[in-house]
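What TrEMBL records for this protein:
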BINDING   57-61, 118-124, Asp147, Ala237, Gly289, His337, Asp400  (6S)-NADPHX binding site
BINDING   Asn58, Asp114, Ser150  K(+) binding site
BINDING   Lys370, Gly371, Pro372, Asp373, Thr374, Gly399  AMP binding site
DOMAIN    11-204  domain 'YjeF N-terminal'
DOMAIN    204-451  domain 'YjeF C-terminal'
Amino acid sequence: MIPPDGQPILTAAAMRAAEQAHGDLSALMDRAGRAVAQAVARLAGPSPVLILCGPGNNGGDGYVAAAALAAAGHAVRLAAVAPPTTDLARAAAARWTGRVETLANAQPAPVLVDALFGTGLSRLLGHAITAPWHRLAAAAQLHVAVDLPSGIASDDGAVLSTPPPAQVTLALAALKPAHLLQPAARYAGTVRLLDLGIAAPSSCHAIAAPTLPEPGPDSHKFTRGMVAVVGGAMAGAGELAALAAMRAGAGYVVHLGDGQGPPHALVRKPWSPAALDDPRIGAVVIGPGLGRDAAAHTRLDAALATDRPLVIDGDALHLLDLDRLADRQAAAILTPHAGEFAALFGKGQGSKIDRTLAAAARARAIVVHKGPDTVIAAPDGRAVVAGDADDWLSTAGSGDVLAGATGATLASGVAALDAAAAAVWLHGRAARRCGRSFIADDLAAALSRVR
Ligand SMILES: NC(=O)C1=CN([C@@H]2O[C@H](COP(=O)(O)OP(=O)(O)OC[C@H]3O[C@@H](n4cnc5c(N)ncnc54)[C@H](OP(=O)(O)O)[C@@H]3O)[C@@H](O)[C@H]2O)[C@@H](O)CC1
Ligand SMILES: [K+]
């Protein structure tokens, strides 16, 4: 059972192509079912198991798993919603020599395994399935989903029919978008990957702990990265970003704008376009608290005119002309939340991953599409997905903290996509360290502990 960090994410079509390329589908289902049985046995201990099987290959995995558990002496029962409809599932069902109960009449067991539907779900589940399933899940102590919780759309994370939440989801061969995208991901519980030994190539991966440069004996404050934060109408937001940049590892942070007071390590200078000409600046952060007036426009123009890497957030995203980015050589990272994303790029088509990739290609920049799930996309088609954000991150200033942290990782010299993903990871971990009802200042402070 492999943690999802850094693992490839495949759409249902890409997964099917990978299975076909492997060739022996029956061997694959055998491996999948046995791997599920092994994982369930580990999770269940001696507790009896009830496996619910659907008509397709997800159900096929369930029949193989049930047969493997029974062969190992585990107490296991099986209930089916309909007879198997694929050749593979029929062959798998033939290996189960025990009784096949109906879903409607099945009695609960302490461990419930959902092998109803996986990547092939195409429509809403009927009441005849959802009602007994919810009843059985409510009576179970552990609910395990095979490949995906049934009822959710694999590719875009939509919830077609609300499943009873699983505690553990066993992803087969590769992660699917719905394991990380909301609202589906919240029904998956802890996701663990079962390796089936097939190649599952993808340009989209789950987020993982970053590798960031560590200071060495020859380091000084500028080699660690210098960040300039452009201040604006609301000085506090810019200062929060500056604080986050310092806490995320920048060696030198300057706030260009009004404001005073601690921290003393923050260099404060009045705004001037000339201040951005410093060649030691590794990243300019603009947007937190910038405002949207004429002065804000002037500051954004000046930032876009520099040859420095940029992090563009908040108000600056509302003022930004995307065509200005096309003329720049240096990297740019845009960090919109859903509202800012829609204002900049429109509604778009497809999953959040598809829409963010299209936006990155349009902007020719890295786009960090924030939310309860965050998709980080590059113009070259690579994407990184962070699921499962801490719900307490919905607090004022948390976006400013992310923008500042992104400035620090970008100024450290790592490539822009890695810098953006690293900042999202640090931000997410910092939130978990803060516990409950934290404020953005706590979040910025916690970045040091996460680094
Ligand atoms: N990754 C791997 O390496 C491996 C993956 N494998 C497994 O294959 C799974 C994908 O299997 P799959 O394509 O057969 O689709 P699956 O999810 O079982 O559902 C299709 C069936 O459900 C039906 N159906 C759909 N919606 C419905 C509804 N609302 N209400 C009622 N019925 C509905 C649909 O009917 P139809 O739409 O055709 O009328 C069809 O009969 C994958 O998730 C993984 O578990 C392993 O076996 C091998 C290794
Ligand atoms: K399932």
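FYI, residue positions are counted from 1 along the chain as it appears here.
Quick reminder: no glycine exception, Cβ is built from N, Cα and C everywhere.
No curator has checked TrEMBL annotations; they are predicted automatically.
Here Asn58 (K(+) binding site) is positioned 8 angstrom away from Asp147 ((6S)-NADPHX binding site), judged by their C-alpha atoms.
Every protein chain considered, the tally of other Cβ atoms within 10 Å of the Cβ of Thr119 ((6S)-NADPHX binding site) stands at 22. With respect to ligand 2, the binding-site residues Asn58, Thr119, Asp373, Thr374 contribute Asn58 as residues with a C-beta closer than 6 angstroms to one of its atoms, given in sequence order. Contacts of Asn58 (K(+) binding site) defined by a Cβ separation under 8 A and a same-chain sequence distance of 6+ are given as Ala115, Leu116, Phe117, Gly118, Thr119, Gly120, Val146, Asp147, Leu148, Ser150, in order along the sequence. Residues distinguished by a CB atom under 6 angstroms from ligand 1 are absent from the binding-site residues Asp114, Ser150, Lys370, Gly371, Thr374, Gly399. Least packed by the Cβ count within 10 Å, out of the binding-site residues Asn57, Ser122, Ser150, is Ser122.
Taking Cα separation as the measure, Gly60 ((6S)-NADPHX binding site) is nearest to Asp373 of the binding-site residues Gly371, Pro372, Asp373. Taking the domain 'YjeF N-terminal' (11-204) as a whole, pLDDT averages 96 in the prediction. Packing around Pro372 (AMP binding site) is summarised by its Cβ count: 18 other Cβ atoms lie within 10 angstroms of its Cβ, all protein chains included. According to DSSP, Lys370 (AMP binding site) is assigned to coil rather than to any helix or strand. For Lys370 (AMP binding site), the same-chain residues lying six or more positions away in sequence with a CB closer than 8 A to its CB are Thr335, Pro336, His337, Ala338, Gly399, Leu402. For the pair Pro372 (AMP binding site) and Ser122 ((6S)-NADPHX binding site), the C-alpha distance works out to 25 angstrom. Straight-line distance linking the Cα atoms of Thr374 (AMP binding site) and Ser122 ((6S)-NADPHX binding site), rounded to a whole number, equals 25 Å. Other than the site residues Asn58, Asp114, Ser150, same-chain residues with C-beta atoms no more than 8 angstroms from the centre of those residues' C-beta atoms, the K(+) site, are Leu52, Gly54, Gly59, Gly62, Ala115, Leu116, Phe117, Gly118, Ala145, Val146, Asp147, Leu148, Pro149, Gly151.
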